[in-house]
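S.K.: Positions annotated as repeat 'PPR 1' by Swiss-Prot: 39-69. Per Swiss-Prot, repeat 'PPR 2' is recorded for 70-104. For 107-141, the entry in Swiss-Prot reads repeat 'PPR 3'. Per Swiss-Prot, the feature repeat 'PPR 4' maps to 142-172. Among the features that Swiss-Prot reports, repeat 'PPR 5' is placed at 173-203. Sequence annotations record features per position, and here Swiss-Prot assigns repeat 'PPR 6' to 208-242. Feature annotation from Swiss-Prot assigns repeat 'PPR 9' to 309-343. Among the features that Swiss-Prot reports, repeat 'PPR 10' is placed at 344-374. Swiss-Prot lists 445-475 with the feature repeat 'PPR 13'. The repeat 'PPR 14' annotation in Swiss-Prot covers 476-510. Residues annotated as repeat 'PPR 15' in Swiss-Prot: 511-541. Under the heading repeat 'PPR 16', Swiss-Prot lists 547-577. What Swiss-Prot records for 582-657 is region 'Type E motif'. Per Swiss-Prot, region 'Type E(+) motif' is recorded for 658-688.
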């Protein structure tokens, strides 16, 4: 310990002496150490030693006191600032070098470093001026300058300029090839990335492990498992298969291409696994809908002492949301806090999505308001969460807040607001969102367009919905389905069916949602035979397995036609797990037809699935009442009271100025409820005075106010 302290003191004295010597002429910089050895002091060596030691402040002091820096000293100090991610200071120093020290001309080394600084700081204007300088001074012929220039354009998202620089480079090496392939793949241009990879393979440059890994990522993006297997063969030949980054990319490629078993086999055979290995498997399970497997994999990962990263938690919160496991999500939230990842934007967004999906909007809102920074995903998530939960007023408030923050809305945020406008039949609010979509150039977005059609249809303006549909592309399946559904809901079944038939003639391939819409049109128009025709078409012509929603349409169609026995038979023969929706459809039909026994059976099936279902109990009581079985009806209502079952009241909404308010019967939660009820009582009492006169007028045709 004592010797270490002495050494530190010696180093400190040496550094102090060195700095003072820099103030003397170079020829006087001779130091006698221990009165025995004579050494000449080299400022650049001392500068590099300070830089290598990570002491940037001392290095800058030494540099500033140097009477005349050369290209080596300038490059050293600029490079250190770039390494420290202080690109702005690096660019200032480079500018000073060119202005103050005319004797020093930039070379390939310093130009490469400064181009990297431009990429880090996204200073594209400065970078382009350096590009021009490199062309003018013929420094662009250097493979290092070319690679740095290529990388700079790639970093700022100008991948086409990167490709142009690459094509003009007289010499290329493995780093250059890998840089252009990486840029293309990260930009989502997987096919071009693989084209460059093929050219590289044909050249004399050999791919390294990272090049193979990025090429496998391109295969995954294109779902090109055949090409991926070919690369896998090359990886085996080169002996890279045990390299962790390559093994991870191989496993990810197979799972993303649907070859889950091959990906799992690679994962099991890995000699070592890191967070990327585990996370890719978790993501793969989540992608194919096996969320429970994803959770089990996460537990194994934690037991393996591998700490999760942001992507791991984002995938896990998504899995919990899909499973509606709020408790699991809350436990993960505790893990995030313990690992200090709560400031991660992607983690916060995924947590907020989980809370919203699981119905805990209070926690989602608290999380949102506590975020240090927010992106458009944050805003879209909180707006969508409130809108999808039926709290349109809160959704619009958050949207207004987002607009005040200057954040540009996404298609998802606009679609959520259009959905809530349609559900609450607030056409003025929907039109304002439509205007915003036009303002931000999102009106041609498929999601926004279909949401506009739905909104106008639900608000009763089928004409405006039809006008928007007339401007859509023919192959927009979502908008077509929305329009068919809009016609069906407006009782325009003929228009809905005609549109569907017309689309089939032009080669349109319907999906399962389209068939739900057209079956709904058949249901509303009572076209039983045509409904069965389409129901069979989706299975025989398009090889689609009917979902429970399709069966629900057919059960409704049979019930409306009075064929309750056939409807019950279809429900019992369903391959899907029976839910309360189809049984409720049958129960309501039994009420209309007075079919007590079948209605009781339907109610029993519903109560097996949900013992506290108010709709089933109320409808069953009404069936008994309408058929004179008052004692049975009373027993059902007593049973409801004993279980604490309360029928959920219906609600209405009203828009006053820019505020939408939703309310139920007897609602007193509005801040101005006392004033509202006072005015209502005045209106009722005023109407009561004219009630008798109005009755006389209706009875005898006498106008008492003439």
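Glycine too: its Cβ is placed from the backbone N, Cα and C atoms.
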S.K.: Are there residues at least 6 beyond the ends of the repeat 'PPR 15' (511-541) whose Cβ is under 8 Å from a Cβ of it, and what are they?
M.R.: 477, 480-481, 484-485, 487-489, 491, 493-494, 496-497, 500, 547, 549-550, 553-554, 556-558, 560-561, 563
S.K.: For the repeat 'PPR 3' (107-141), find every same-chain residue at least 6 residues outside the stretch whose CB is under 8 Å from a CB in it, and list them.
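M.R.: Non-local partners: 71, 74-75, 78-79, 81-82, 85, 87-88, 90-91, 94, 97, 147-149, 151-156, 158, 165, 168-171.
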S.K.: Same chain only, please: residues at least 6 beyond the ends of the repeat 'PPR 6' (208-242) with a C-beta under 8 Å from a C-beta of the stretch. Say none if there are none.
M.R.: 174, 177-178, 181-182, 184-185, 188, 190-191, 193-194, 197, 200-201, 248-250, 252-254, 256-259, 271
S.K.: So which residues does the repeat 'PPR 9' (309-343) touch in its own chain, when a touch means Cβ under 8 Å and the partner is 6 or more beyond its ends?
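M.R.: Counting only partners 6 or more residues beyond its ends, the repeat 'PPR 9' (309-343) has Cβ contacts under 8 Å with 275, 278-279, 282-283, 285-286, 289, 291-292, 294-295, 298, 301, 349-351, 353-355, 357-360, 372.
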S.K.: Counting only residues 6 or more past its boundaries, what in the same chain has a CB within less than 8 Å of a CB in the repeat 'PPR 4' (142-172)?
M.R.: 108-109, 111-113, 115-116, 118-120, 122, 124, 127, 130-131, 134, 179-180, 182-184, 186-187, 189, 192, 203, 205
S.K.: Residues of the same chain, at least six outside the repeat 'PPR 10' (344-374), with any C-beta under 8 angstroms of its C-beta?
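M.R.: Those are 310-311, 313-315, 317-318, 320-322, 324-326, 329, 332-333, 336, 381-382, 384-386, 388-389, 391, 394, 405, 407, in sequence order.
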S.K.: What is the average pLDDT across the repeat 'PPR 1' (39-69)?
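M.R.: Averaged over the repeat 'PPR 1' (39-69), the predicted model reaches a pLDDT of 75.
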S.K.: Provide the three-state DSSP residue tally for the repeat 'PPR 9' (309-343): helix first, then strand, then coil.
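M.R.: The repeat 'PPR 9' (309-343) comes out at 28 helix, 0 strand, 7 coil.
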